[in-house]
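Taken from TrEMBL as is:
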type: DOMAIN; residues: 7-406; note: domain 'Enolpyruvate transferase'
type: BINDING; residues: 22, 23; note: phosphoenolpyruvate binding site
type: BINDING; residues: 92, 305, 327; note: UDP-N-acetyl-alpha-D-glucosamine binding site
type: ACT_SITE; residues: 116; note: active site, proton donor
type: MOD_RES; residues: 116; note: 2-(S-cysteinyl)pyruvic acid O-phosphothioketal
Ligand code: EPU
C-alpha cells in the first residue's frame, strides 16, 4: 500500500512558503453559492478536500476551473440543491452548503457528513441555528432536508464556539431579512477571512473574528475576487517539524498574528524564534523543555489541529508534559502509534501525559486522521531508522505533497506507491 518512507535523524534546514488555508478556502467556496455570478479565488491549495468541494459545486451546476492556485468559479447556472450523498460522505465540510443553499434557493438536501474520525462530531448547532433563522430542517435516515420560504434574522447563542456552525450561520444570515446576531461565535482567523469574502460579495458582516458577529441581511450578493489567508496549521506543522529535528527553518508568507499561542508555546519549550511581518524563523533546541499543562481551546487558544504534532514534539523533552484536549473527544489515536515507536504516553480520556525524552524508533505506523497523520510524519523525522507511515489519504486531505515539501528542507522522505496488485487487494 502507498506509504511515506522516512529515514529519521536529519535536521530540517531552509525556507518553506506557506500555502493557502484549506479551512478558509472550504467555506469560501461554499459561499459562492450565495450569488449567481463569477468569482476569482486565489491561493487555494490543491488538496483532496478542496477537490471534493469542487466536485460538489460541479454537481450543483457550477463551473470551476483551476489555474495554478487560482480558482475561477461560475455559479450562474446552478440548478440543483441536493448535495450528492456519495460526496457528503467524504468530507464534513460538505455541510457548509446547507446555509448558503437554503439562503439563496430556499431549499437544501444533504446527507450525514463524513470526515476525520476525531470524536463525536455533531451537527446540532448548524441545524438549530438554521431553525432559529426560520428554516424547517428535517432529518430522516441520514437525509437532511432544509427548507424556508424566507430566512429571518435572529439572535443565535451558540452553546460552544463551533467554527463550522459560525460559518454556516454567517453565510445563511447574509441573505436573511433583518439582522442576525451570532453570540459565542468562534473567533478563528478563517472566520475573519470568510467575513471579508462575504463583505466583498456585498454582505454586511460586522465583528467576524470576535465573539459576537452581527450580520445585516441584504437582498442580493455578487461575485468577487479574494485571496485566501495562509494556512496557520500547515505553518505550525512545519515549525514543529523544524523544532523536533533541531533544525533551522524560515516560513515565508506566514501570518504570525494568527499563531500567537503556538509561537508562545514553542518559545517556552526553548525553540528560538524570529518573527517578521510575514516570516517566522525557528531554530530548534533539543531537548525541548517539558510543558506542564497545555490545553487545546478555540482560537486564540492553542489549536486542537496542532495537538498531535505537539504531543510528538513533547516525546523529546526532558521531563513530564501534560496535554489536555478540550475541543474533540477522540483525538488521541496518534498516541497509540507513537507508543509503538517507543514513546511513553499515557492517555486517560481527554488527557495525555508524556514522559520524555524517548528515543523514537522507526516503525510501520498508520494515520487515522489528518493531523494525527502529520504527527506520525514528524515522529518519523525524529526517529532512529526507517518509518513507514500508512493511511496517506488522511494526510493528503490537508498537506500538499508533504514529502516534497519536507524533502526540500533536507528530510529523507519519499512516497512509495502501491503496486496494482496491492491496490486491488485493498
Ligand atoms: N459541535 C457540536 N455540534 C455542532 C458542531 C460542533 O457539538 O453542531 C462540537 C464538535 O463535536 C466539537 C466542537 O463542537 O467537539 C468543535 O467543533 P467545530 O464545529 O468547531 O469544528 P468543525 O467546524 O467541525 C473545524 C475545522 C477542524 C478543526 C475544528 C476546531 C474546518 C473545515 N474544520 O471543524 O479542522 O479541528 O474546526 O478548530 O474548518 C482539520 O483541519 O484537521 C480539522 C479537523
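Using the three backbone atoms N, Cα and C, a Cβ is placed for every residue, glycine included.
Note that TrEMBL annotation is computational and uncurated.
A count of other CB atoms within 10 A of each Cβ picks out 305 as the most crowded of the binding-site residues 92, 305. Summarising the UDP-N-acetyl-alpha-D-glucosamine site geometry, the residues cited as binding it (92, 305, 327) extend over a maximum Cα to Cα distance of 16 Å.
Reported as a whole number, the C-alpha separation between residue 22 (phosphoenolpyruvate binding site) and residue 92 (UDP-N-acetyl-alpha-D-glucosamine binding site) equals 13 Å. The Cβ neighbour count for residue 22 (phosphoenolpyruvate binding site), using a 10 Å radius and every protein chain shown, is 25. Cα spacing between residue 327 (UDP-N-acetyl-alpha-D-glucosamine binding site) and residue 23 (phosphoenolpyruvate binding site): 16 Å, rounded to the nearest whole number. Within its own chain, residue 23 (phosphoenolpyruvate binding site) has 163, 188, 190, 231, 233 as residues 6 or more apart in sequence whose C-beta sits under 8 angstroms from its own. The average pLDDT computed for the domain 'Enolpyruvate transferase' (7-406) is 96. Neighbour count (other Cβ atoms within 10 Å of the Cβ, all protein chains): 22 for residue 327 (UDP-N-acetyl-alpha-D-glucosamine binding site).
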